[in-house]
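Encoded as structure tokens, the structure appears first; notes follow it.
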Amino acid sequence: MRDDDDLVPPKWRPLFNNQDWLLHDIVVKSFYGFGVIAAIAHLLVYLWKPWLP
């Protein structure tokens, strides 16, 4: 194992280096952020005009 992968958890070190791990972190957090924004938007639209009886 490489010693320069200090940000990567030990079980993921064979797959990721630090740069890959940081990019993965950005992608995952962006996906979660999008999901939260989408859920809030759906809730607001449902409160405005319910689409289920």
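Each Cβ is built from the backbone N, Cα and C atoms, and glycine gets one as well.
A quick note: this is a predicted structure, and the numbers were derived from the prediction, not measured.
Residues annotated as topological domain 'Cytoplasmic' in Swiss-Prot: 1-25.
The annotation N-formylmethionine is assigned in Swiss-Prot to Met1.
A helical conformation is recorded for His24 (bacteriochlorophyll binding site) in the three-state DSSP classification. Residues or ranges marked as bacteriochlorophyll binding site by Swiss-Prot on the basis of sequence analysis: His24, His42.
Taken from Swiss-Prot, the feature transmembrane segment applies to 26-48, supported by sequence analysis.
Sequence-distant contacts of the topological domain 'Periplasmic' (49-53) (same chain, at least 6 residues past either end, Cβ-Cβ under 8 Å): none. Residues annotated as topological domain 'Periplasmic' in Swiss-Prot: 49-53.
Neighbour density at the Cβ, taken as the number of other Cβ atoms within 10 Å, is lowest among the binding-site residues His24, His42 for His42.
When DSSP labels each residue, the topological domain 'Periplasmic' (49-53) comes out as 0 helix, 0 strand, 5 coil, counted as helix, strand and coil in that order.
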